[in-house]
Amino acid sequence: MAAIPDSTVGTNTAVSGLESTFADELGALTVPWQGAHAPNPTLLVLNEQLAASLRLNVDALRREDGVGVLSGSTAPAGATPVAMAYAGHQFGGYAPLLGDGRALLLGELVNSDGQRVDLHLKGSGRTPFSRGGDGFAVVGPMLREYLVSEAMYALGIPTTRALSVVATGQSVRRYGTEPGAVLARVAASHLRVGTFEYAVRQGEVLQPLADYAIARHYPKLTELPTTGDSNRYLTFFEAVVEAQASLVAHWMRIGFVHGVMNTDNTTISGQTIDYGPCAFLDAFDPAAVFSSIDHSGRYAFGNQPAVLKWNLARFAETLLTLIDSTPDDAITAVSAVLDTFDERYAGHYAAGMAAKLGVAGEPLDRALVDDLLTLMEEHGADWTGTFRALADELRGNSMPLDGLVPRERIGPWLERWRGVLTKQGRGAAETADVMDCVNPLYIPRNHQLDAALRAATDGELAPFEKLLEVVTHPFAPRDEWADYITPAPASFNKTFQTFCGT
Ligand code: AMP
Ligand code: MG
């Protein structure tokens, strides 16, 4: 490991009031560190609404001092930024030491809802965990994380959020030379399954880590005893299983492919984290993979629930000694909880799909969903477009659906669906309106995002700003946004790929 700088405590007052409970209580999992100097930092985008909810001064953030903090060049007053240690299973193989190779935890803030959140930088230079990496990030991928995470937030999906992207003024080597950038992100925390995988091999820090995670994310469980049948740590495991089962059901209802579901990218809070090679589906295809390195389709759209369960099994392994001192009993206990994953996931997914189809109040016939998905897959129907077209169908406008699945194929299914809706007694127009509140019209379409990021890399931010405005208002149609509805042309999708660690 590289030497720790003498003093990293900052004096820059643009951001004040940062706390450091994680670093204070779990020093064994952190290394105090400083961001790299940014030669010419320029603020590309600032999330003013998020900044205000963090009680940060927007004007101060826009000034030189503020941009200094958001670029990682200067540490905020009184704060000690740290790089966090973690391990992780990457594509199924165990890496004992990953850690923040290009990121820094600046500290924690309590937002206007009273929740403690992390303020974290990505792309702020090398750390002791950088291994072979350069510690940097570039404009396109950081703006990509900014836009996709904010779109997910607008869609009502638990996620980390984006506060800003600053261009550093430095060139970074990637596929050619690209402009460097730093993303500031806000998360419920940066505790991951990988944090526990690291801690369990360090020994003593495991229990303090579990207690910290429980106090921060599942505070009611602190009242439970540390031993016995329904002890604190087993119940904690169950709470994370539940939060993650709910999260992946959200991804599956919205058509989101995370792309790199390694255990270091699986949070304890239940938020989506690390928007690298992610993408939204166009044509529904369970085998859809966009990541350039996912050759086996491990993280394909349809595999996401199964992979998540696998990641939760790795999490369970880290908690065994806390759950029961008799190994066999600990394994029996976590296995029983892990076995509930399928049912929990199925419940969340069914509720999500019922809402998409305007079915309320009665258990959804799973075959109704499965048969629709079979038709969509057969005809390559656009995931997002199909559910809006179904609402239009209820309003008497058949044109959108006719463009997606031939009427003679979907006709019998439509009759079954209308039968269910009639039984529930809500009017067709009202059902259509309710559906439009959960089925987005605007998502980050891969071709449009790609074009906006290319333009931004060349210094032209307007297309990015426009797309950001559109995808953060996903539900209500606007005439002037008609261009943002259409899926990418087939020729684009054939070659479209996303990249890790860019
Ligand atoms: P990710 O794929 O973003 O979840 O990153 C996996 C691991 O690779 C983490 O430990 C990152 O900090 C590290 N990493 C990714 N890109 C870089 C980079 N350019 N320099 C140093 N570390 C990196
Ligand atoms: Mg990661």
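Each Cβ is built from the backbone N, Cα and C atoms, and glycine gets one as well.
Taking the Cβ of Arg102 (ATP binding site) as reference, residues of its chain lying under 8 Å away and at least six apart in sequence are, in sequence order, Lys122, Gly123, Ser124, Gly125, Arg126, Thr127, Ser130, Gly133, Asp134, Gly135, Phe136, Ala137. Under DSSP, Arg102 (ATP binding site) is assigned to coil, being neither helix nor strand in the three-state scheme. The annotation ATP binding site is assigned in TrEMBL to Gly99, Gly101, Arg102, Lys122, Asp134, Gly135, Arg185, Arg192, Asp274.
Residues or ranges marked as active site, proton acceptor in TrEMBL: Asp264. Reduced to three states, the DSSP call for Asp264 (active site, proton acceptor) is helix.
Residues annotated as Mg(2+) binding site in TrEMBL: Asn265, Asp274. Of all the Cβ atoms in the protein chains shown, 21 others lie within 10 Å of the Cβ of Asn265 (Mg(2+) binding site).
Between the recorded positions Asp134, Asp264, Asp274, the minimum number of other C-beta atoms within 10 Å of a residue's C-beta occurs at Asp134. In the shown protein chains, 28 other C-beta atoms lie within 10 A of the C-beta of Arg185 (ATP binding site). Between the CA atoms of Asp274 (ATP binding site) and Asn265 (Mg(2+) binding site) there is a gap of 6 Å. With respect to ligand 2, the binding-site residues Gly99, Arg102, Asp134, Arg185 contribute no residue with a C-beta closer than 6 angstroms to one of its atoms.
Annotation note: Arg185 (ATP binding site) sits in a strand segment as assigned by DSSP. The two recorded residues Asp264 (active site, proton acceptor) and Gly99 (ATP binding site) have their Cα atoms spaced 9 Å from each other.
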